[in-house]
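**Q** Following this message is one structure expressed as structure tokens.
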Amino acid sequence: MGEYGIAPGQRVAVIWDSSSPVEALKGLVDAVQASVGADSRVSVENINQLCQSAHRESSFDVILSGVVPGSTAQHSAEVLAEIARILKPGGRVLLKEPVVTESENNSQIKTAAKLPAALTLSGLVEVKGLQKEPLTAEEAQSVREHLGYQGNDLLIVQIEGRKPNFEVGSSSQLKLSFAKKTSPSGKPSVDPATAKLWTLSASDMNDEEMDLLDSDELLDSEDLKKPDPASLRAPSCKEKGKKKACKNCTCGLAEELEQEKKSSQPKSACGNCYLGDAFRCASCPYLGDACLQAWREDPAEREPAA
């Protein structure tokens, strides 16, 4: 059947509904069977039983739905999803459905714009309208009887969609190469004029006509003065209270505190502190310490007596 693009050997499904005339359905099935050949079987399914038929995935090359002359089938989202499931990758669906020109409340009939969108949402691609024409008197009467629509703004639309050339959820191995890419044998050519522009030779450096900037001229007398250590102290160093040098102090406070610590070390007045508590004064700061070998001014250098 050149009208529907059916070729010999293809598997075809014809979907009908209660509004399809029996004789017209039989004539369509016979014509499709003649086109595909005796070796191929044509499946005939009622639109209300399609989801319960449990066809295997990717079973049909072509699906014809609602194309029976006089049919007023309405395709729900579930029916369209099932059609997309049982189509083979790259398979085609051709359907007819009555639509309204303007959307109305409480109407189960789609508009001409919503029908292609419904096919796209079901997973079909390359959706395109093939034909749009007014209903015949018989088709309009069938719509009133089976769908209960009494309006006069109906059109019959013939639309086509295609399933993508892959299954939903399918995977494919990617060919990845982790080998190092070989660099080209020859270096890219460089424009001599560009190279000369960005090249400063030694002769240019010694050229008296070259006006080079002396970096020392960028400094004034204030920059060459040694700063006062007090001015380098962090703000926290100037706070009231106990002085405490920062870690890795660079302002000189650490050295100042160390010097104060050394100067505040107690000194022996009698010279007998190293002999032990028996020879120490009552106010001796070393009471309780072990005997010292020899008196040294620096307490860090004192060693207990052997």
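Positions of Cβ are set from backbone N, Cα and C atoms, glycine also.
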**Q** Looking at 29-32, 77-80, 117-120, 281-284, which stretch does Swiss-Prot describe as motif 'Cx2C motif 2'?
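**A** In Swiss-Prot, residues 281-284 carry the label motif 'Cx2C motif 2'.
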**Q** Non-local Cβ contacts of C270 ([4Fe-4S] cluster binding site) (under 8 Å, 6 or more apart, same chain)?
**A** F279, C281
**Q** So how many other Cβ atoms are close to C246 ([2Fe-2S] cluster binding site), meaning within 10 Å of its Cβ?
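**A** For C246 ([2Fe-2S] cluster binding site), the count of other Cβ atoms within 10 Å is 13.
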**Q** Among the binding-site residues C249, C251, C273, C281, C284, which residue has the largest number of other Cβ atoms within 10 Å of its own Cβ?
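**A** Ranked by Cβ atoms within 10 Å, first place goes to C273.
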**Q** What does the DSSP secondary structure composition of the motif 'Cx2C motif 1' (270-273) look like, as residue counts for helix, strand and coil?
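**A** So the counts come to 1 helix, 0 strand, 3 coil.
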